[in-house]
Amino acid sequence: MTLAEKLALVVLVTCACAVVSTASPLDPDRYFLVEAEPRAQLEDYRLNDDVWPTHYDIEIKPYLEQEGNKAQFTFDGSAKITVSTQKQNVMQIKLHMARMDISAWSVTRKSDNTIIPTLPQTYDQETQILTLPLSSALQANVEYVLSFTYVGNMDDDMHGFYRSYYWEDGVKVWMGSTQFQQTHARRAFPCFDEPRFKATFQLKINHKTQYNVYSNTAIVGTAVAEVGRSLTTFGVTPSMSSYLIAFIVAPYQINDRDGMGILARPQAQNQTQYSLDVGIKLLKALEEWIDYPYASVAGMTRMYMAAVPDFSAGAMENWGLLTYRETNILYRSDDSTSMQQHRIAAVISHEIAHQWFGDLVTCEWWDVTWLNEGFARYYQYYGTALVETEWDLDHQFVVEQLQGVMQMDSLRSTHPMTHPVYTQAQASGIFDNISYNKGAVMLRMMEHYLTTETFKTALRAYIKDRAFKTTRPEDLFSALNRYDPNARSYMEPWTIQPGYPLVTVTSHDTGFTITQKRFLVNEPDHNEQTAWPLPITFATKASEFSITRPAFYTGMTFEIPMQGASDVEYFILNNQQVGYYRVNYDAILWGKISKALHSEGFGGIHVLNRAQIVDDLFNLARGDVVPYGTALEILEYLKEETEYAPWLAAVNGLTTLSRRIHADDEKLFTAHILDIFSKAYDIVKFQAPTATERRIFTYMRQNVLQWACNYGHEECSKAAVAEFHRYHQNPSVKVHPDLRQVVYCEGIRKGSTEEFEFLWNQYLTTNVATEQILILQGLGCVSSSELITDMLNGIASPHVRSQDKNNAFTYVINNPYTLPHVSRYLQQNHANWAASHGSYTNVASAFNNVLARLKSDSERDAISAFIESNKNILGQAAYDSIKSGLEDYETNKQFTLRNRDEIHEFLDNKINGGAATILANVSMIVGLLMLVLAR
């Protein structure tokens with residue numbers, strides 16, 4: 001049987017099994033369906049504040065195999081919750097529960113165990129709120145105990161207390177782990193499942209003796225529960241939110257030292273040393289920076305970090321038991337790329353930072369998630385930089401975080417950082433780039449305004465003030481205002497208003513006029529009057545770019561006076577892109593900037609401002625603010641660029657532009673790409689990193705090689721294919737990790753079924769999760785319809801874990817050749833895709849990702865006809881989603897047609913007009929830019 005036949009058979013068997021699964025694939029709790037309209041009154045999704053918990057005693061007894069009449073993947077549970085009220089006449093208690101059957105419950109007065117008479121409970125399936133009616137009112141300031149006995153389910157959806165597995169010597173080993181954020185602690189025990197309801201917890205786990213168990217705190221007792229089972233008791237936790245509880249039941253091993261331990265499956269223990277070493281350093285560096293020792297919190301005597309095979313999030317900050325996807329914590333220098341090592345350190349820093357910003361001090365509700373995630377994302381870069389000092393993380397932050405969130409935040413559909421949240425879907429949705437990236441960007445902006453030392457002092461005071469409490473933005477603003485009375489007035493508008501401004505600079509003899517207007521990439525002519533306090537810095541020469549402490553200006557328009565303004569070499573706003581805004585200049589200033597960029601040493605323009613200019617030009621052209629021809633002319637300077645940050649900004653802009661290039665201009669665009677990357681390729685060379693090169697130079701090589709090979713650079717392709725063939729002949733000598741992505745991709749692109757089956761077998765047999773991701777990226781470069789089908793069947797099979805399926809699919813469709821084949825595959829195999837991915841919502845998502853990249857009206861028409869003839873099978877939500885994707889296709893098509901002439905003229909002049917035309921065009925930039933003012 002061939003590999004293709006095996007994969008097809010696996011998919012059919014898997015999907016047949018999925019049809020009879022006891023868990024509905026359409027369960028919105030499991031698959032983050034975003035509801036068009038909430039199905040209850042918004043206020044009904046929130047618990048009232050009548051009753052507050054102070055302590056939980058929880059016992060869990062999981063069944064990872066059937067035991068007597070106990071079904072596999074269920075667990076017995078008991079919970080005792082100490083509660084009280086400060087109100088009079090409280091006649092009912094409301095709390096959360098989900099996916100469990102409660103067999104008994106009671107309410108007793110804690111002081112004397114008096115039973116409180118109750119009435120039959122009610123349960124709202126939509127809000128997941130359990131209501132316990134009482135026959136008589138609770139007494140104020142008296143402690144009561146809610147007791148529950150129940151049976152829960154260990155689902156395979158990576159939420160609640162769920163089941164996972166790994167293979168050991170060909171045997172499937174089952175285990176249990178948890179993921180409770182945002183609203184899934186209620187699936188493990190009844191609880192007040194909102195962040196504001198902080199309490200202490202004590203957990204006991206009744207487990208088979210061949211398993212080890214771990215939780216937030218250290219083990220304080222172990223006893224024989226019954227034959228073959230132990231009862232393990234953990235220490236009482238600090239006062240904390242329910243979503244931060246965690247526990248693992250698995251035959252794991254530990255690599256520990258100095259109060260830090262890495263938990264992993266036995267065969268992965270040889271991949272834990274780096275995360276242990278860097279984790280110890282990061283914990284020490286962060287607790288010194290924050291001036292609040294981790295171990296000063298009662299119960300936090302050690303920190304465990306666990307690698308979990310199936311994990312929906314990248315990682316989770318459970319207090320004292322941090323959990324990670326394997327790719328984000330397991331590292332081997334001979335199998336993981338430099339970027340993967342960077343990712344591991346950064347994610348560990350992010351999660352350790354949460355021990356203060358999230359665990360000790362917790363956002364009061366998910367509407368201010370940025371108070372947790374903005375800080376963690378900030379320390380993901382600047383905390384890691386305390387330990388890994390040679391990685392230029394400050395440069396990476398600007399392009400990856402600030403410029404990254406600007407894409408989403410330039411759409412009408414964006415939202416403010418502080419934004420109302422009620423339903424589970426909304427709580428999930430708020431964990432987005434606005435809460436993470438923009439939150440971190442605002443913190444960096446305030447750090448530069450206050451100075452690093454003042455910023456640090458203010459945050460130390462904030463943590464001490466709010467320790468063991470919840471927090472709202474006004475608490476942070478109050479802490480900052482102690483050190484600068486203007487801090488709140490400068491920061492708050494950025495948190496409560498959506499979007500960001502486009503700042504336009506107009507020059508005159510005595511200075512510069514600055515105007516601001518919200519930047520909406522698809523609505524350049526809007527009339528909104530939103531204004532932000534603008535952090536202003538500027539440079540007219542190289543030495544001024546180091547001035548990053550801004551002065552804030554308010555108002556839609558203001559002046560920056562300057563003697564001899566018309567004589568400056570250039571005027572560039574927003575030094576090192578500390579401020580969160582785009583900048584457009586008048587024709588004269590753009591001309592000066594272009595001249596500087598095309599001069600030796602780029603006129604002394606700081607590398608981050610070069611990255612800013614690159615990103616702004618791509619997006620101002622996309623937003624119809626600057627003509628594409630003008631933007632692309634200025635960006636010709638990239639042929640001499642040697643730094644990572646501007647090239648990363650360029651790669652991001654070119655990725656978007658490549659999807660909008662007219663199909664008839666693809667050859668011209670290919671020639672353009674090969675031209676601008678030519679010198680960069682000669683600089684980085686097709687070679688493994690040297691011992692002395694900068695880390696970001698290694699990253700730059702990966703990008704340059706990927707683009708060069710993708711667009712047919714002959715030398716790149718030959719070198720990659722030769723290295724793949726060498727590896728194919730002798731797999732014991734591996735490809736250098738930093739070359740694998742391009743080598744695997746090109747080897748598969750230029751290879752046959754033999755190469756595909758070889759690499760797929762490597763995927764199935766490797767013990768290293770980071771290597772599996774590199775292989776999936778390579779397999780996504782398939783170039784024949786048969787192998788595309790094989791790859792899609794592989795993604796739909798159990799061989800690719802649920803957490804990796806979406807990424808694997810993206811690797812395929814990022815290869816433009818595959819798009820029509822993928823479209824037809826989805827139309828023919830939609831039922832299998834829905835079963836293997838969980839729902840028809842995932843089918844809709846797959847079609848929409850294809851439509852976002854398609855340039856074929858015939859394929860669009862085929863998708864449209866498919867959804868019309870299968871509307872009842874798809875369901876209304878998936879049907880509506882794909883309809884929206886078809887509308888987006890038309891919008892993208894019109895964008896391409898509207899801008900085609902400008903882009904084509906530039907490309908044609910460049911490729912067919914010769915060097916003289918290019919030189920002439922550079923001199924014409926100022927003239928072309930006069931169009932900006934005319935618009």
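Glycine residues also receive a Cβ, built from the backbone N, Cα and C atoms like all the rest.
Summarising the annotation, TrEMBL assigns signal peptide to 1-23.
Marked as domain 'Aminopeptidase N-like N-terminal' by TrEMBL: 53-244.
For 274-494, the entry in TrEMBL reads domain 'Peptidase M1 membrane alanine aminopeptidase'.
Cβ environment of E373 (Zn(2+) binding site): G358, F431, S435, Y436, G439 lie under 8 Å away, each six or more residues apart in the same chain. Summarising the annotation, TrEMBL assigns Zn(2+) binding site to H350, H354, E373.
Taken from TrEMBL, the feature active site, proton acceptor applies to E351. Cβ neighbours within 10 Å of E351 (active site, proton acceptor), excluding its own Cβ and spanning all shown chains: 28.
The site 'Transition state stabilizer' feature in TrEMBL is assigned to Y436.
The feature domain 'ERAP1-like C-terminal' is assigned by TrEMBL to 571-887. Note on the domain 'ERAP1-like C-terminal' (571-887): mean pLDDT across this stretch is 96.
Taken from TrEMBL, the feature transmembrane segment covers 913-934.
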Extra residues within 8 Å (Cβ to Cβ centroid of H350, H354, E373), Zn(2+):
E317, E351, A353, F357, G358, N372, F375, A376, R377, Y379, Q380, Y436
Would you mind listing, in sequence order, the residues at least six apart from H354 (Zn(2+) binding site) in the same chain with a Cβ closer than 8 Å to its Cβ?
E317, N372, A376
When a 10 Å sphere is centred on the Cβ of H350 (Zn(2+) binding site), how many other Cβ atoms does it contain?
27
